[in-house]
Amino acid sequence: MQSGFALLEAGSVRSKNVTNILIKNVCDSFICGVSYWLFGFAFAYGDGNQFIGHTYFAITDLPASRYGYFFFQFTFTATAATIVSGAMAERCEFMAYFSFSLIMTGFIYPLVTHWTWWPNGFLVQGMDYGGDIGRVGYRDFSGSGVVHTVGGMAAFVGAAILGPRIGRFDPETGAAVFIRGHSIPLSTLGGFILFFGFLTFNGASQMSLSKEGDGEAISLAIVNTMITATFASFTATFVYRIPTFGSGAWCITVASNGAITGMVASCAGCNVLYPWGSCALGIIAGILYHIWCWLVRSLRVDDPTDAVAMNLGGGTLGVIAVGLLDRNKGVICKWNRHSGLFLGWQLAGMFVIMAWTAFWSAISFGIMRWMKILRVPEDIELKGLDIPRHKEPGYPVESYGHGHVEKIIQILESTPMEVFQGYANMMIMPQELDDKGPYEHPEIEASRRNSVAMRDVHVDSVHRKSSVSIQNLYRRGSYEHPEWRPPFSHQLNHIITEVEENGSIDNSGFAKTRTKQGSISYEHGIPLENSDIKANMTYKGHSLYTIGENESYERHEDMETNKHTGSENNKHTGSENNKHTGSVTGISPATITKF
């Protein structure tokens, strides 16, 4: 389960936050190992009253025969905590999440399990109605309410108090802006691992293999889990295909998340439902997944992994489904007073669990927000948490390459004006970068405040026979210049014909000066004291040089005194006689700043 959650969440966030989300998943297990061992297990399964236990602290005096039970419950606890990390991804301080994980695994979750899974807990004990009805209480076989409703509710409260990621909602219209995760393969693989984890999660909740009927109960639990997941995935996928409710496309993320929602819903009653009941449950789960996603977005709560929809939505549905579809005492199957009371206890238990979790989560996150330790600063969020917070990017830039690009970069560092070939994706950025780190700038500009996000501007995106002022772009701060055409995703396959002293690109000769795809020639760099070229040259998102630190205009005396400029007889000039030289002119070595 932890492996599945780790990969699912890592693929659902941007590459600049992969290390941060993975370390949270790792620490969940080990934080839980400390807190649950010290006092969580004692609160959950120690002897005590119907509300809380108070023996077996640090599992002292726990019989060795129950060590396996302790370990199994530890894994459930870690799962409940991990659900929260996905909903609060990409903007939560690590220590804030660390602190809440301690509270979650050591106090919030253990008490819920004491009420529902300890034999004398007040929810599982319920009430004795006498006569033919007898005792009726709350039932949850594998944790739809105990694990997933707790985790989903904590995730919802945490994400709401934390606030959405920068750029997630339009500040003027409130419309949700989709921010893609960086790796569909990772999130899909995480989903598959979770599918397998849920089968063992639900099957092993029988807690025995040797008693009579254990084999049948485990088999039924696994089969029902599979059926529910199957129909939930299909339903969610087909609903998303309807343009009114989705994009009209076949979406792998929706298919995977729909299956997980179905498995979450199956946890509470997978041992007591008929297979046809699991089929109906899966169909409803697939529809409710979309309803919960819409509800969360409508409330302007940002959940990068849809953890709330999958766990809170699927968990509450599973708790209710037991009261309706239990083959022995469900309302649909039996339709008597006992079944009605049973459904009532399922609803009561669900609301108690939700209220308890919401209260303590709000207290915890509210205090951290008041202390200003809950959310990372805006600049850190924009850059990504991996480098500023962990000094360990998920995808180090220096680990990539095949030996050729690295050589080109070495040439640039030693003799930046040297002629070189095969340097693709050269971009001119309209704004300087202050940082040296290989940060991935977000696709969506921060709240669209008076400027737009920096985008790569490719020379081959310029219409031929046009002149675009770099200085104009710099002052406007626009990545969509009227003469630029999207998309900005082509490989550079022209040579830069001429950078004039006035800071503009004259590409009138592009048609006659095309070279082999992916190549650029820089020839005959001519020194000039002043240049108003104001731009960054970058390669694959990394700033290499800033050209023209000043904003002064060309000086006519420089043109007159420089034998390489303004001469009609010189074949390397920007004169009327030759506009197709591929030269870079008006660049002074003094104005080149190396990062």
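Here the Cβ of each residue, glycine as well, is placed from N, Cα and C on the backbone.
For reference, TrEMBL has these:
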type     : residues : note
DOMAIN   : 1-395    : domain 'Ammonium transporter AmtB-like'
TRANSMEM : 21-46    : transmembrane segment
TRANSMEM : 66-87    : transmembrane segment
TRANSMEM : 94-112   : transmembrane segment
TRANSMEM : 145-163  : transmembrane segment
TRANSMEM : 184-205  : transmembrane segment
TRANSMEM : 217-240  : transmembrane segment
TRANSMEM : 247-266  : transmembrane segment
TRANSMEM : 272-295  : transmembrane segment
TRANSMEM : 307-325  : transmembrane segment
TRANSMEM : 345-367  : transmembrane segment
REGION   : 552-595  : region 'Disordered'
COMPBIAS : 552-579  : compositional bias 'Basic and acidic residues'
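Between the transmembrane segment (145-163) and the transmembrane segment (21-46) there are fewer than 3 Cβ pairs closer than 8 Å, counting only residues 6 or more apart in sequence, so the two stretches are not in contact. A contact between the transmembrane segment (307-325) and the transmembrane segment (247-266) is present, since 3 or more of their C-beta pairs, 6 or more residues apart, lie under 8 Å.
For the transmembrane segment (94-112), the list of distant contacts is 20, 23-24, 27-28, 31-32, 34-36, 38-44, 51-52, 77-78, 80-81, 84-85, 88, 146-147, 150, 154, 158, 353, 356-357, 360-361, 364-365, 368, 373-375, 385, 389: same-chain residues at least six beyond its ends, Cβ to Cβ under 8 Å. Contact between the transmembrane segment (272-295) and the transmembrane segment (217-240) is supported: at least 3 Cβ pairs lie under 8 Å, counting only residues 6 or more apart in sequence.
Sequence-distant contacts of the transmembrane segment (21-46), counting only residues of its own chain at least 6 positions beyond either end whose CB sits under 8 Å from a CB of the stretch, comprise 2, 5-6, 9-10, 13, 52-59, 62, 69-70, 73-74, 77-78, 81-82, 85-86, 89-90, 94, 97-98, 101-102, 105-107, 109-111, 113-114, 117-118, 390, 394.
Across the domain 'Ammonium transporter AmtB-like' (1-395), the prediction's mean pLDDT works out to 94.
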